Amino acid sequence: MFEEVPDPASMDELEPDALIAAVESTYRQESVLVARRMAAVAALLGHRMEAAARAVSQHGYAAISPYEQTSAEVAAAMNLSPMAAGYLVSDAEALDTRLPRIAALLGEGRTDWRTVRLIIRRTDLIADHDLITKVDRSLAARIGNWSGWSRQRIVNAVDAAVRATDPDAARERRESAEDGRHIGITPSDNGMADIYGKVGAAAATAFDRRLSELAKQVCPNDPRTLDQRRADALAALTLGRDLACTCGQAGCTASLAEGARGGPDDAQAHPVGAQVVLNIMAHEQTVRGESERPGYLEGYGLIDADQVRDLAAAASQLVADPVTSPVAALRYQPPAALERAVRCRDLTCRFPGCSRPAFACDLDHTIPFNHRNPAAGGLTVWENLKCLCRQHHRLKTFGGWRDKQLADGTVIWTSPTGWSYRTAPAGADLFPQARRPACVVPSPGRRNRSKQRSARIARARKQNREQRPVNEARRLLEQARKREIADRKFRNHMRDMLFLFKGTPSTSPFCTWINDPREPEELPPDWTPERHDPITLPDDPPF
């Protein structure tokens, strides 16, 4: 089975394309091995169940079920905990009795264990044998096209198949889950508390988006991480105020903006400046109540038809069949209607396996936009735009990856080693008949390119002049902070050495600071270096 896999000792001698081939081959063989292991566990469970049926039944404390026996043997053989072994036995039984077609594809290496495990988890509530058989058949027919799909896209596809097969049960499960919504707060250690709960999809998505928007309102010099700012934004959101910047700099633009809105110390709460927009994609028939097909909540996933209609009834704007102006194709920045359409088509980053939501991605021109002559190529149109997260956008621009986009939105990626990967837009799985925005290729207009270039250069130079002193001050401050921290660490080290080897204060007239208390080795956000007055020399020499 492993004849074509090179020996680990010879890997260093292979070229990059051969190494990628080895990675792909071993990944496929790993799926085959997992399928065989799961089949062995399922067969072992079958033996134990047959033996239990023939044996004299035990009662009470002496009764040991076939599941317990099988889990114990699997745990001992694989060095697993009882819980992990129990999950493995349950998954093996599900593949054997509920999803045999999916198990066969895993055994052929045509899918991986990550995908199969997601299918098992997302279908475990289907109790009817006929319905699970339909889902097994439906997913097995489509799973061959899931290469390069992200985890969220696989979840959406499985959920869509489950909802299409058993919509009533999906609705009942959602209504039952709503009864369990709650929010809890429990005290934690060191002056902290834990917040947990379960709320509706739309409310959770709006809450998550609002915290992120508030966290981005501070200036770049704020010392907190994004997670810390999101946690602090919860208090600001509760009080109806903006998140205060903690950079400590007098000229902070975020602090000035807060002062214009009333400031963090204003006793009167005011509306928070961050605005949250929730995008819901659904068939027009679903919104009108003529279909029960699910919709898609951006940043969350699938929602059922009732949730779509509830959100549509409260929506501030309904957008259907957006139209983009031909003139907009000659501009680098896409219009709002085209941007929404592309994000709804892609749903996630278009790099293979990436699940970064489309609303958090850049819009990338597959054929680069021609700033000198926009009509010559690289138009800002549906067929030339796609969503890429910042990491994969940089990888395409600077990492040697090449891409080609087809008219239906499919992107063909070519790696630096020459391997090709194909990704289709995730929105096509849920909305296969979605219409692209109407836009025709514009005729080139007359432009004075020399004036445009001069104006563009003047704007760039003005921005550079304004930003240069800000960057220089920031660089000098960072250098001073690093020097201060290094000096404090050195002085603390010398104090430790004095205490360790002498144990009494120093009586030397030099370096008297060594007798001072230890200094904190972390600087406050508003720390600035001390300013020393220049030494003035006498006008006449002292001789």
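Backbone N, Cα and C define each Cβ position, glycine as well.
These numbers come from a predicted model, not from an experiment.
Within the chain, the region 'Disordered' (166-185) has long-range Cβ neighbours (under 8 A, six or more residues past its boundaries) at 125-126, 128, 131, 193-200, 292, 304, 306-307. Among the features that TrEMBL reports, region 'Disordered' is placed at 166-185 (among others).
Residues annotated as compositional bias 'Basic and acidic residues' in TrEMBL: 166-182 (among others).
The domain 'HNH nuclease' annotation in TrEMBL covers 337-394. For the domain 'HNH nuclease' (337-394), residue counts in helix, strand and coil come to 24 helix, 10 strand, 24 coil, using DSSP.
Per TrEMBL, the feature region 'Disordered' maps to 442-472 (among others).
What TrEMBL records for 446-462 is compositional bias 'Basic residues'.
Look at TrEMBL and you will find 463-472 (among others) tagged as compositional bias 'Basic and acidic residues'.
Annotated region 'Disordered' per TrEMBL: 515-543 (among others), in sequence order.
Per DSSP, the compositional bias 'Basic and acidic residues' (166-182) is made up of 12 helix, 1 strand, 4 coil.
Applying DSSP to the compositional bias 'Basic and acidic residues' (463-472) sorts its residues as follows: 10 helix, 0 strand, 0 coil.
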